[in-house]
Amino acid sequence: MQFFFYFQGNISRQEAVSMIPPVLLDVQPHHKILDMCAAPGSKTKQLIEMLHADMDVPFPEGFVIANDVDNKRCYLLVHQAKRLNSPCVMVVNHDASSIPRLLVENNGAKEVLYYDRILCDVPCSGDGTMRKNIDVWRKWTTLNSLQLHGLQIRIATRGVEQLAEGGRMVYSTCSLNPIEDEAVISSLLEKSEGSLELADISSEIPGLKWMPGITHWRVMTKEGQWFDKWEDVPTSRHTQIRPTMFPCDEEKMKGMNLHRCLRILPHHQNTGGFFVAVLVKKAPMPWNRRQPKLLRRPPTVAVNVPVVNDAVEDATETTDEPAVGRDNAENEDGSAKSSSNPETDSTNKDNVCGPPPSKKMKLFGFKEDPFVFLSEDDPIFPSIVKPETLQCPIVLVGWRGKTSIRSFVPKNERLHYLRMMGVEIFKEKKETTRNTNTESEATLDRTEVEDMECITEGESLPKNKDSDANDITDHEEGSATDEENLASLKKV
């Protein structure tokens, strides 16, 4: 029964601490939400459910855009999200650190889409999951955090760039390493110059046990060498260690209110370790205050850009990308970087950021979209809206053997297809079960006879008397797994 509910989307298995970030987003039905690193999709489903929390609102105004950099994981994301049957979700495949802006239509004009809520659950070393993930014990090193720190800052910074003023972004990791947690938040707050602040959410989850964020930490290399401040790091280590990994000066740290971050320790509530910080955007980011010249006139959309729906479309060709100015505006020591690209030099004058250079699209895994949108004037819709008699072909993917055939259909859909074909199975359930048991007993009796014949013909019993040969055969001839079903359906 639980398996059936899982496929229906009524049950989703997720660790309790992993459910905290969506709760702290305080989602409302009208919110525009971006999930930056969404796969495999448990938190995304949480966000979708929150959009539909008000049963009096049949069609929420808000929506969830779920992004992931891995093309294959995006297919899994689609598979998970479709169980909720919500029209308010869209899956995209981008690098979260440079995810493009989208344009929305407002009174006939195109304007940049800013999100009311952003979930920034970044990739991390996962040391907080060591109670359930044995790989952490074998593979974890301090180098993991040093390598992820820069990516985490870029993703978080790109997130707050696309956050609307007054909006809320939750940054979270399943790591307790301050290099991935407080160091990222303090770096983000420092370069925001007051545009961001940490929200006090101590009363939003009553009963939750947690520790406040820390303000002092040290940085350690893979070899176990410790550094208290950036000035102590030798030049040979500058490729591994960055200034943003260290705490700021004491006065700045006091103004950041890092104690408002949540550190959830495993022994507090018998959970995994988790870090959560809630950021509120008070004003535009400093590098966004001077809008690029490209957006001072009504933007135009290239003809070859496909429209996702009536309101949202990919505007990579016409978007301003402060992320480029953001990621490359400063060296690690704080000095300004200069662009060597002649195509963008003209747009980067006077510290104004222009669009990023075009990149060649890289395809991994499946080389097609998980699904495509149908136009409103598609001839298939009238026949669905007004059918006089229900007449539709049923096309199934299956496996055909010499004497049998098996359809690749998820268990939760089999009853539906059988009913559509006029087959009622509940009345015959007991009889079918009884017949199955009788056949099983006959099979066992026949197997015992065959075994006795084998023993008679052989000189001795086989070594693996209690082998799982029958189990293996049953598995090979059993119903296909969900992944196999999904892959087969996609191929067709």
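Don't overthink the numbers, they just go from 1 along the chain as shown.
Just so it is clear, glycine is given a Cβ too, placed from its N, Cα and C backbone atoms.
If you look up TrEMBL, you'll see 1-282 marked as domain 'SAM-dependent MTase RsmB/NOP-type'. Residues or ranges marked as S-adenosyl-L-methionine binding site in TrEMBL: Cys37, Ala38, Ala39, Pro40, Gly41, Ser42, Lys43, Asp68, Asp95, Asp121. The annotation region 'Disordered' is assigned in TrEMBL to 306-357, 448-492. Residues or ranges marked as compositional bias 'Acidic residues' by TrEMBL: 311-320. What TrEMBL lists as compositional bias 'Polar residues' is 336-345. Residues or ranges marked as compositional bias 'Basic and acidic residues' by TrEMBL: 460-478.
Overlay of TrEMBL annotations on the structure.
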residue: Cys37; record: S-adenosyl-L-methionine binding site; Cβ within 10 Å: 21
residue: Ala39; record: S-adenosyl-L-methionine binding site; Cβ within 10 Å: 23
residue: Gly41; record: S-adenosyl-L-methionine binding site; Cβ within 10 Å: 27
residue: Lys43; record: S-adenosyl-L-methionine binding site; Cβ within 10 Å: 25
residue: Asp95; record: S-adenosyl-L-methionine binding site; Cβ within 10 Å: 17
Response to the item:
Mean pLDDT across the domain 'SAM-dependent MTase RsmB/NOP-type' (1-282) comes out at 92
Discussion item. Assuming the binding residues for S-adenosyl-L-methionine are exactly those in the record, Cys37, Ala38, Ala39, Pro40, Gly41, Ser42, Lys43, Asp68, Asp95, Asp121, what is the maximum CA-CA distance in angstrom, rounded?
Written reply: 20
